[in-house]
Every structure is written in structure tokens, then in C-alpha cells.
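Taken verbatim from Swiss-Prot:
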BINDING   1047-1050, 1057-1060, N1130, K1152, 1170-1174, H1286  UTP binding site
BINDING   D1058, D1060  Mg(2+) binding site
COMPBIAS  15-26  compositional bias 'Basic and acidic residues'
COMPBIAS  92-118  compositional bias 'Basic and acidic residues'
COMPBIAS  128-140  compositional bias 'Basic and acidic residues'
COMPBIAS  178-187  compositional bias 'Basic residues'
COMPBIAS  734-756  compositional bias 'Basic and acidic residues'
COMPBIAS  831-841  compositional bias 'Polar residues'
COMPBIAS  843-859  compositional bias 'Acidic residues'
COMPBIAS  868-880  compositional bias 'Acidic residues'
COMPBIAS  887-898  compositional bias 'Acidic residues'
COMPBIAS  1381-1410  compositional bias 'Basic and acidic residues'
COMPBIAS  1470-1485  compositional bias 'Polar residues'
DOMAIN    551-600  domain 'PAP-associated 1'
DOMAIN    1233-1286  domain 'PAP-associated 2'
MOD_RES   T57  phosphothreonine
MOD_RES   T64  phosphothreonine
REGION    1-30  region 'Disordered'
REGION    43-69  region 'Disordered'
REGION    89-140  region 'Disordered'
REGION    162-205  region 'Disordered'
REGION    734-757  region 'Disordered'
REGION    831-898  region 'Disordered'
REGION    951-1495  region 'Sufficient for monouridylation activity'
REGION    1367-1424  region 'Disordered'
REGION    1466-1495  region 'Disordered'
Amino acid sequence: MGDTAKPYFVKRTKDRGTMDDDDFRRGHPQQDYLIIDDHAKGHGSKMEKGLQKKKITPGNYGNTPRKGPCAVSSNPYAFKNPIYSQPAWMNDSHKDQSKRWLSDEHTGNSDNWREFKPGPRIPVINRQRKDSFQENEDGYRWQDTRGCRTVRRLFHKDLTSLETTSEMEAGSPENKKQRSRPRKPRKTRNEENEQDGDLEGPVIDESVLSTKELLGLQQAEERLKRDCIDRLKRRPRNYPTAKYTCRLCDVLIESIAFAHKHIKEKRHKKNIKEKQEEELLTTLPPPTPSQINAVGIAIDKVVQEFGLHNENLEQRLEIKRIMENVFQHKLPDCSLRLYGSSCSRLGFKNSDVNIDIQFPAIMSQPDVLLLVQECLKNSDSFIDVDADFHARVPVVVCREKQSGLLCKVSAGNENACLTTKHLTALGKLEPKLVPLVIAFRYWAKLCSIDRPEEGGLPPYVFALMAIFFLQQRKEPLLPVYLGSWIEGFSLSKLGNFNLQDIEKDVVIWEHTDSAAGDTGITKEEAPRETPIKRGQVSLILDVKHQPSVPVGQLWVELLRFYALEFNLADLVISIRVKELVSRELKDWPKKRIAIEDPYSVKRNVARTLNSQPVFEYILHCLRTTYKYFALPHKITKSSLLKPLNAITCISEHSKEVINHHPDVQTKDDKLKNSVLAQGPGATSSAANTCKVQPLTLKETAESFGSPPKEEMGNEHISVHPENSDCIQADVNSDDYKGDKVYHPETGRKNEKEKVGRKGKHLLTVDQKRGEHVVCGSTRNNESESTLDLEGFQNPTAKECEGLATLDNKADLDGESTEGTEELEDSLNHFTHSVQGQTSEMIPSDEEEEDDEEEEEEEEPRLTINQREDEDGMANEDELDNTYTGSGDEDALSEEDDELGEAAKYEDVKECGKHVERALLVELNKISLKEENVCEEKNSPVDQSDFFYEFSKLIFTKGKSPTVVCSLCKREGHLKKDCPEDFKRIQLEPLPPLTPKFLNILDQVCIQCYKDFSPTIIEDQAREHIRQNLESFIRQDFPGTKLSLFGSSKNGFGFKQSDLDVCMTINGLETAEGLDCVRTIEELARVLRKHSGLRNILPITTAKVPIVKFFHLRSGLEVDISLYNTLALHNTRLLSAYSAIDPRVKYLCYTMKVFTKMCDIGDASRGSLSSYAYTLMVLYFLQQRNPPVIPVLQEIYKGEKKPEIFVDGWNIYFFDQIDELPTYWSECGKNTESVGQLWLGLLRFYTEEFDFKEHVISIRRKSLLTTFKKQWTSKYIVIEDPFDLNHNLGAGLSRKMTNFIMKAFINGRRVFGIPVKGFPKDYPSKMEYFFDPDVLTEGELAPNDRCCRICGKIGHFMKDCPMRRKVRRRRDQEDALNQRYPENKEKRSKEDKEIHNKYTEREVSTKEDKPIQCTPQKAKPMRAAADLGREKILRPPVEKWKRQDDKDLREKRCFICGREGHIKKECPQFKGSSGSLSSKYMTQGKASAKRTQQES
């Protein structure tokens, strides 16, 4: 990159992290710089030109015969772990290699836990993540053009101040020393900025410049200002060489030369284009009364044709009456009510009929809807009856036979009925609302953005958006319902106020004094809160204060409001308050559109819009539609009489230019003929020549104050200028696609450029010197180029002020550096990106932002499908491509060499465009201002000839929204066709099992039990520990009783598994009235006195508060919980099941081994607990035919089931196992071997069991549906046998569910396909069957719910205590070192070392060479060298070690007692290398390793 990378600094604002040296050394050779977040430090690299960056998988997974050596997954999440321990069964070579690998990672010494082995590192892109030190979610991040990390940068008009202390992006060595410093907390940064201030002295010392140099500097800076580049007012202390800043791109620049290079970059051009597009639309004038009237006529037409009328409402009421009669017999106590558009009239004639059933409290919603489904199926009036019980609002769907209308029946949908009641009342009281909403909804329907199942918006939100607009107008038409007139009201307390109902045209609100004060808290969530205040407010404004505004004007204003004025990215659409509600107040992520339902304020009703391309498409449609309705569109008779005169607006020289090139001449002939086909919309005046008045754009703007007028869609604008010399050319630019415009002064042709799409128009005018100076042209030279109206790219008058001051003698060839820079500077005042139809597949600029606060879903990188036409001619009948990408139609190629010669002369080509755009500005302003003159000189035009229509082509420009799956968030398919739905995986049939293979399966299952089950001595030792602890605690807590539960007592425990202890106090049956948190803290204080315990850690924030500690003598980790009595009975139940049949234990141990090897058995990391898998085994054995075990909770001696309540739950089960054959008739009937049962279990959960429809419940034999439990939103549903409200699978994400099911499917194949002999690479059958590279395909379990620092669930990165402590230490040291600048270089290296400890993965192998593992083949070593730079890490200084040891107390080993690692990483925990069980205890997988890496 050379000097290209030097001129920039990156501003460090409150929303952006800092960077280190590697951030600048990596990435695309043609890209000057890149801003990424801190979490990616060390993950990138500098590459050779043309070398494609690829993901590399560090880690040695051993030899997998089925996939070849070093085979791992292609899953990007599989790169998390710094180490991977081999499966339990391995040969000596595996063990030796594993020892070598672990030697550098697990030293078990607190003094050197941060010392990494020097050697090459392989940078790995694990997943798209936010900055580890970035809390604000709207931080700007930029895209690596090779796909390293892509995020979307939102364009904001409010730019940061020039004085903001900033960070160098590249530049002098002094600055490079400081770039590696990680980002500090906002508070500390602000304090540091105050301490540092700015350097004294001017940014540029003008006193040493000569008069000529000073003049040149001033002229150059004037040109830079046009591109939003300004001189800094003061020199930042951190980056003293910075002289300029780009307000658009938020970077610091060292010199004018580097500023010109920045101006030419795609990033800057894109921001300029966005700014100009917005300013163009912003300057459009209000519509004239005639326009408003024409718009109103178009809206009335839509309402009459599609809106609901009285007869339609009567029809829907009749359907409700018919349905009431159908339900009368089986649901006598229920009543029906219409809601939705059938009641509010804010819909269409063919809208669904929404009916809600009100039912008594003794019935449940599932019971009601199941009866509804049954009744409708038996009715003759309704057909096509179906149910969607897995929707957020479960409904029964049917179709009324006579009318054919679709009916959706819900039960207890109270919030929707309240919202409907509100909308209905507003529609009756404010007559303009109904047509406005119907027009808005019809617009959304035409644009295909009202389909939530396809990633669009729910239709009713457009009514809320219209109401919100009417409330936010400068002269509001509707009132808000909460505000400062209410005593004690403030936005921060908005969560305490709720709308309750509508009564007699007033809104009833209620205030509850909630301590939370969170907007998301609703009345239902705080039932114990007592309303302390009620009030009411009118639904509409007083008639005296209500302005009279036509619907047409409201429509144009609404489009402008959402297209330009309202900040959709940061604010919430809430009709409750006048003040703007921020997303932070609602604690909603900053993603796309946020809309609050006034009666269901907790959830964002626009959350179905889950794709950035769809959001960009909606903005595109809003802006396009606003532009269409804001500009005048007329039908004139002259368009029919003199269509060919439109071609006469060409100067003599322009004709020469066209005639000079035969292609242009040919297309000009076509152009003349094409106007005939344009229809009545194409207009022209009678004049044959066109001369532009010699007005500068500034003068024009001052004279007329009107905006440029542009064409869109197929509508054609009729311009009536001041005199007959100025006419409009209405032509179809399809005929000009691909034209080459010849420039005589350079003797060159511009590259082929596809500029037009259907509906765009060409305007050619005489560009004479003295009227408008052509950019870069010489005297007496006029050129003609095409005008692109599609992208809203015309600059405003303000942007065009400097046009007449351009240097005419700039060197077009670029041979003079200074001249070229000046020319490029001038041109870039108007320059945009090359038009979207470039002949290259271009990576998108923007991609979806990551979000920590909600479940993070990976979205695929988007590209714009560009088309290449070799002839330069696009298909005239073809519309735009389907809208598939970032919304950037004018994307530049990422690499300079891809543009070829075109890039060299791009500015010359763009120049002509912008001059013509400037001329169009004048013409339009003249035409809009001087219509009366036009009427005198041209044929009279009746103002009633303004014409508008609702057309999909006009609103969308031929684009269509991207279909996005709501399940996987990927494009191109719907949820019902999602390939990630594991039920859609086609399973291959399994061959019959041979007796020999069955015998092997039996041996494998029994071996698992033998290797992992604890001995009698160990069980006795656990009991001894309990007794010892009990007696010790009783000294301070008299009457204390300790009881073992969990794996220690249920019969399914592993060797060295944790010791779970429940503490109760005699005389207290429950913890009611006991301060559990204080008791746990006191218990921890007492335990610290015990000499045999270490690392006592109270955890009071957990759902069940516990004390964790390490028992020195046994080496066990112990958890003591308080009054976890239900768990004691769960333990008894499992113990009873394990005693019924030995096969139960064998299968449960096999299942636990299987899940540990696949890393799917750790609930703290987002998967299922071993308890949940045990319940899955028991459920399978109960459902087997014949069953292996009974349902103990359904066996009892009397006629009625006994009831024994603990914590409100019946904990009865049949525990007399000796008497079981008497009460269970099928005892002993199942004689299958344990191997058959194990394979049967895998097949049961992959082939038979429907996870979507049924619940895994061991308390009943009959099937239990997820709808009955109302757990339809979960993926795997496992019911606790006693606590029936506890779903053990509630914490699973979709990714983890798919990962678990994939492991089961692969296990079915491995255990279900007989093999005659095991491959030689497998030393034992155990390693063959439990090879994680096969079972999980080499992938690691996803961690989308885990903290990215410590690896645990329950909090996100910004709340991680480990992160806070590290930041606090760094801030203290940074503040200290501010006074000692000579230590900055050393400190920055040490900072980077600490950061890499938590964010970077280390690969250490013998001979210091990285081992690379890829799914297909190993990458060559040279690629690794190219992708990664060796980082020789120095050991940190002693003072940091002591500080780290103090800060990282939460990460401590419960075996050796040392800090800095956890139990599973401790070498003392590994045991001997030859021990099978000890190998298993390492789990060999992600949980231990990822924690170290991410911590």
C-alpha cells in the first residue's frame, strides 16, 4: 500500500474502539485503510496482492480416517478453542502430541499463566463480533473488502466535532506507537481528554509560509471544504501530525496530498453520494395546491377501489354471527369479537377476518382453541380448517365458504383487541386517518413490505406509523396521551405508565409506582403493584385547535417524514408520548425500525423486519415515493402533438459530438422514435433550440428557491420554462445505455458506462463557456454526457456553488500531480460512485450490525448482482435487478485494477454529468417558478391535468424486497423451507445389524459405565465429606442439615464429578422468611475458617444462590445451595429409576459420554444439562414397546393418586421398587440388549419423536403437546418431572439445537452402520464410536448465548466483571503513563499482549510451526505465513502479574487453588495420560479451552 496507508487517523469517539498495528497491516492491498473493532486484533494479516484471505483452522483434531488427516469443520464458530484434547481412546502418538500441545498452555502456575510460547500465530476469524471494549451499539465499523469482517455504517448528519481526540489510522512512527492501545471506558477517556487537552500552537504555522504558498494553501483548503474536509482548530495531543479531518468519514489526515487520496476512495465517495441524495430530497419544495388535489384524487381512487365500506363490514359481522352459532354448543360461556381491520376499517376488502374468543378463567387457551378447531372441522359453513399453534399468537385458520374470506380465530388476544379499539375510535373521530392509512398500507402492499413472514412489517404497524406522524407534525392533527401535564411524568418513568382502555372517546391511563422504571415492564409482569394514579385524555384535539389539511398534503408530508426527517435507526415510533423515545430507554437494540404497540409496550412489533437489505429496500421505496409525489406530474396535449421536438434541445457542438461517434448517432435516431411510444406523459414545447440562461446555481437558488426536479418510474415531467428557448427533453435513456462519449481535447473515450434504466431520461444542453464552466475542460470546448436521474444524485444549489471557480487548466492526463489533485478535488465536489451497472461482482458495502442484547444471528454477506453487457446495450424491456443487496446501487469496484482505464478518467466522465445535473436544477427551478409565463408562450395547460397514480414500478423502480427466512435470518427462502430445520434433513436408511456388531455395541455401552462410574470407596468418601462439613457448619449455624443430591446420589454420577449439597435448617421447612443472600454470604465467611477448603466463592446472583469451594483432600469441587429441596426429590426419583434395570445406568452413562465428547452437555454454555439428557433416556425407555421402565408417577396403590407437596408441587412417585412387578404388568417384557436400546434411542430422537409438537415428559405415558404446555416457541422441550413450569430446554438457541440434532444424526449413522473391522487409525473401538470429528463434523458447539470474554451465559460482554477489571487496570496504568511518555512504546506492547490473552487463539506445535486443519485439505505453509505475522510476545512485568492475579479472582482453579485457569484446564486434573476416565474428564472439547481463549 505504501504511502496510501499513511495519511489517516481514526477518530476515537465514544462509539468506536481503537486499533493496533496489525489492523493496518492486514487486508486488501488496494484498500487504503480499514476500521475494525478491537476484538479482531491479531486476527488479520497483510496479504500478498491477489491472495484471497481464507479462514484457517488452528487446532489438532488428530487423524480422522473418514475425513483424512487434520480434518475439522468449516464452521466459523469452530475456531474458538486454544486447545483440543484427544478422545479418551488414543495411541501413544496421539498422547505424545497432545502432551506437547498442552505443555505451553497449561502450566498451572499463577506466575506465568500469561506467558505464551513465542512462535508464529495464525490469525483466525472466529465469528462476527462487536468490539470487546465497545458498549454502544451504533459504533461505526467498516468492511474489509475481502470479507474479513463486515458491518454496516449508518450515515448520520450530526458529525462529531473537529476537536474530538482521535486515533491515527496510519502515519508517523510516533503515532504508530500509540495505536495499539486498547480502548478505554468512556468515563476514563473523557477524563483523560480533559487532562491531555490539545497541544499548544497552530495546526499549520502560516507565519513561515510565503504569500504565494499561503494563497495556494487557502485555495486548496477551500476545495477540500467542498468535500467536507476541514483544517483542525487545534492539534490533538495524541496525534500531533494530523492537520485535517473529514467530517463525513470521521478520520484525521496529515496533508493535502493524502486528503486528495482520501477523496478518491469509495468510502468517501459513498458518503458524499448519501449526503447529496439526502440534501436533494430535503430541498424539494412543498407541493402546490394543484398537486395536493391531484394526490388526493389518487388516494381517493385507492380508497374507493380497495378500502372497506359499510357493506364489507356487515359481511364480516355476519361471518362472526355464523361462527358464534357453530361454537354455541361446545363453548357456551365464550363470546366472539372482531378485531383488526374488520373492525377499524383500516384495511382492504380482501383482508383477513380476525376473530377473538373471550373465555372464562377456568378454561385455558389451548383447550379453547382445540375445541374451536374441532367445531370448525365439523361445520359446513367453513372450509380449509387448519391450525397454527406455533405462532406467537396461536390461531385456527379457516375460510368462510360463501364469501371466500380467510378467517383467523384466536383466544384471549386482549392487547390486539385494545389496539383495535383505539384505532377504530381514532378512525371515526379523525376522518383523514382512514384514507391516509389505507393509502399507506396499499403502498406497502405494492412494495411487498407488508409480509412479516417474509421479513417485512405487520400490516397494522402502518396505521401506528400514520398516527405517529399526525402527532409529530408541527401542527399536530392528533394528540398524545402521556406528557408533562401529568404530575410526576418523565420519559425515564415511561415504563410506569400504561394505557388501559378507551371509553367514550377518551384514553384511560394508569400509573404504577414501580421501582424498576423500565419501559419494558408491563402491568401483567408486576401484578403486586397497586395503581396509585389513573387519568384520562381525549383521543382527538379540540376542533378549534385542529388545522384543516388535505389528505394529499398529509400523504406527501408523511412520506417526507419517514424518508428524511425521522431517525428510524435510533428512535422508537411510540404514539403514547410527544417526546422522542430512544431505543436505549426501551433497551431495544439499534436495528432497523422500532415500533411500540401502545397496549403491548414490551416488544418491538417491527421485529419481523430482521434483515438489513429489506430495511434498505423500505428506505429506498420511501424516498422514491416521496420524490414522485413531491414533484409535479402533468398530462399535456403538447406531448401528443409534438413529441419529436424533445430532441431539438441539443447544441451544435453537441451534435458534432454525437455525430462523431456512429453508435451515438444510431442511438439518437432510436431516441427520436422512442418518444412516440412514451404516451401522454412525454411532453415538450414548440421551440427548436435551447439556450441556458447564464445564471450561476447560487443565483438561481436565490432567485427561485426551488429544488431540482427529477423523473422517476414511467412518469414524465413536463417542464414549462420561462421562455421558448428553454424546453424539456423527455426521452428514454434505455436507448442510450452503453454510449461512449468522445472528448476531443483528450482524444480518449470514456469507458463504457451503463447509465440508464427504464424510466430515466436524457437531457442534453448547450454548455457554453461563460454560462457554466465544464469541469476540467478548456476554452471553447463543450462536451455532452448522459444524465443519471435514478440515484437522486443531483447536487443542491449549495453544493454547486463552487462550480464556476474551477481551474480550467487542470491537467486531465494526471501527469502533473498538483494539477491532478486540484482537478480531482474539484470534481469530487460532485463525484459519486460509478453507476451500479458495473461489470464486476462487487462485495456489498454494508452488512447487518451485530447485536449483543438479543440472540445473535449470523447473516450472510450480501452482494449486488451486477450485470455485464459486452455491447454496452441493456435489454430495453428489462427492469432493474431484484433488490438483493446493500442498497448501494452505485458501488465502486473494490480494487483499482478492476476499474482499469475507466478509473483514470472517471473524474472527467463524472464532470459532464454533474454540469448537466446543475443545468437541470436551473431548468426545473425556472419551470416551477414561472408556470404563468409558460402558459402565455405555450399551449395552455389546465392545472387539473396534474396526475398521480399508485404504481409498483414507480414506487420501487423495478426492485423487489429480499425474501428473508425468519428462522435462520438468511435470504432466498421462507421459514417453512428453511434448510436448517433439522426435521427436513433426509436420513439415509440404515442396514440391518449383524449379531457381531450388536455385540460390539453392547460392549461399548458397558465400557462407558465401567470407565466412568464411581467406586464404592468414592461414594463413601463423598458421604464423609458431607458429615465433616455438616459438623463444622453447625458450630456457627446450629440445627444445620446437609444433604447430598444430584449425580452424587442419583446413580448416574461420574468419577470426580462435583459434589452438590443442599443445606436446610431444622424447624424451617422452606426458605420463606430467610434472607438467602445474606445466609450464603455468612456461610462463605464461616467456610473460610476451614483449613481443608480453598477458594470459597459465594455466588449470590444465580437463580439458586450457592457457595462454591474446593475440597483439598479429595480434589472435589463442592456447591452448597440453600433449600433446594425439590432437587432432593428429583434425585430420589432418578435413583429409583436407575435401580429398576441395569440397562438404565448403562444407557445414561453412554449418553453422558456421548454428550461430553460432542460438547453438548454443559448448560452453563448454552446447551443441555446432563440431567436433561438423563430425562431423555428415561423418556425413551418409557416409550419403548414394550417399555423398559414404567412411569413411576402414574403407579399408586389406591384409587386416587397421592399428593405430597413440596414448594407447591406434587412430588409423589412409586418408590417401592421391590413391589414393582405387582403394580406394573409389563415388568421384564423388554429383552433388548443395551446396544440395541442405544441405537434405538438415537433413531427414536432422529426419526420418530417430533420435537416441535411434543414434550419429553417422564411423568406421564401419554403424549404431551408443546401447545398444551404453551411452550411452542422452544426447540427442544423437556419437562421437569416435579416442577411442571420448568422447561430444561428453554435456554437452547436455534444454533445449539441444530448442533445437538446434528450430533444425534451423526451418532445414528456411526452406531447404526455395521463395520467388519475398524480402521487402523483407530486404536480401539471406543475411539471409533466416539470420534468428535465425525459426530460433530469437526465443529465446535456454538456460543451465541455466551459472554464473549468469560464464555458463560447469563450476561453479555459489556457486563462481564472480568472485562471491567481488566479495563480498570488498563485505565489506571494509562493515566499513570500519561506523565511518562517515554514508556508509551513499551506500554502499548504490553497492552496488546494482555488483550491478545483474551481475544486471540494460540496455536503451539513442535518446531514452532502452525498446524492448519481445514475441512477439505491442509493449506500450504506459505499461506499461513502470508496470513499471519509472527508475534513474539514478551513476558509482562511483575507489577502487572500481581494486578492480574488480583483482578481475575473469579477465574480460579478449584484443584490447585491457583488463579488464572479453571479446573478443567489444570494439569493436576488431567491424571495419567493412559487413564481412560481421566482423559474423559478433560472433555477434550470446547468448554475448557474456549473459556481460556475468550477470557
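Glycine is no exception: its Cβ is also placed from the backbone N, Cα and C atoms.
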Count the Cβ atoms, other than its own, that fall within 10 Å of the Cβ of D1060 (Mg(2+) binding site), considering every protein chain shown.
24
Across the domain 'PAP-associated 2' (1233-1286), what are the DSSP residue counts per state (helix, strand, coil)?
19 helix, 5 strand, 30 coil
A correct count of other C-beta atoms within 10 Å of the C-beta of K1049 (UTP binding site) gives 19
Which listed residue (S1057, N1130, S1170, T1174) has most other Cβ within 10 Å, given these are binding-site residues:
T1174
Here the binding-site residues are D1058, L1059, A1172; which one has the lowest number of other Cβ atoms no more than 10 Å from its Cβ?
D1058
Taking helix as H, G and I and strand as E and B in DSSP, count the residues of the domain 'PAP-associated 1' (551-600) in helix, strand and coil.
19 helix, 10 strand, 21 coil
Listing them in sequence order, which of the binding-site residues K1049, N1130, S1170, A1172, T1174 have their Cα within 10 Å of that of D1058 (Mg(2+) binding site)?
none
Let's check the environment of S1047 (UTP binding site): how many other CB atoms sit within 10 Å of its CB?
21
Between S1047 (UTP binding site) and D1060 (Mg(2+) binding site), what is the CA-CA distance rounded to a whole number of Å?
8
Where does the mean pLDDT land for the region 'Sufficient for monouridylation activity' (951-1495)?
79
Residue pair A1172 (UTP binding site), D1060 (Mg(2+) binding site) - Cα distance, angstrom, rounded:
17
Taking only the Cα atoms, work out how far D1060 (Mg(2+) binding site) lies from N1130 (UTP binding site), in Å, as a whole number.
13
